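Feature annotations, courtesy of Swiss-Prot:
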BINDING   Gly40, Gln41, Pro42, Gly43, Ser44, Gly45, Lys46, Thr47  ATP binding site
COMPBIAS  273-287  compositional bias 'Pro residues'
REGION    250-287  region 'Disordered'
Amino acid sequence: MANITDFTEKQFEDRLEKNVERLTKNRLAVESPTAFLLGGQPGSGKTSLRSAISEETQGNVVIIDNDTFKQQHPNFDELVKLYEKDVVKYVTPYSNRMTEAIISRLRDKGYNLVIEGTGRTTDVPIQTATMLQAKDYETKMYVMAVPKINSYLGTIERYETMYADDPMTARATPKQAHDIVVKNLPTNLETLHKTGLFSDIRLYNREGVKLYSSLETPSISPKETLERELNRKVSGKEIQPTLERIEQKMVQNQHQETPEFKAIQQKMESLQPPTPPIPKTPKLPGI
């Protein structure tokens, strides 16, 4: 009996052809292609980097997002029934292979590429940049610089949104996985900066403001700027709307008993101004 995670070469090749056709529609190969590698901790909002890249390339860029290939596994529905929230673990080998195959196919033709990642390690960006430069690509790295409290809340909000859409496949990002990237990203970015593999390393906030460019300040490492933004204190005014949105979604999903819900409520209570003490009524003489 075949393993439910298995798929045939024909199934894979057929889907690969469809993906390549879809991704390259209205896109043109160029003489001097550029590959943009994206980084940032989970929940930081890496999709917002696409706006800056689209503007830079006049929209002529192919976005390769590993997550979008997971549901393409030929047996995805059966795997969901069997593994539910753990399904991602069983379809990731498929999505990884699809990502690699698409990059290989498009790099040979010279399309501008956006390749999503996190920056949790330095190995993958170095290998990817080296491989693409062998095909005469210019390689750049654009990274989200977002306070860690904002990105962690982003992972919770994303999960609650996914849960409302499909409880069986909604998968939370463990806080530990988020925090590992937060801890490693500044040092990893400094290492990547020193390799000289990237013609430009940029840091952007969620508003699309460029906070750093190695092209503009080549002697300065991105590490300090990123650490400062990751650890920046966030005002109550800045964080309150996010907390309220998450609380509302968690109530709708009936997640009031979760530790995350209790933590959200505690944080919201801490942002409320203290209640002024009730003044004591002065005693009148003889009473």
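Using N, Cα and C of the backbone, Cβ positions are placed for all residues, glycine too.
Known features from Swiss-Prot, placed on the structure.
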residue	record	Cβ within 10 Å
Gly40	ATP binding site	26
Gln41	ATP binding site	29
Pro42	ATP binding site	21
Gly43	ATP binding site	22
Ser44	ATP binding site	31
Gly45	ATP binding site	16
Lys46	ATP binding site	23
Thr47	ATP binding site	12
Around the ATP site recorded as Gly40, Gln41, Pro42, Gly43, Ser44, Gly45, Lys46, Thr47, what other same-chain residues have a C-beta within 8 angstroms of the site's C-beta center?
Thr118, Met144, Val146, Ser151, Gly154
With DSSP assignments reduced to helix, strand and coil, which class does Gly40 (ATP binding site) get?
coil
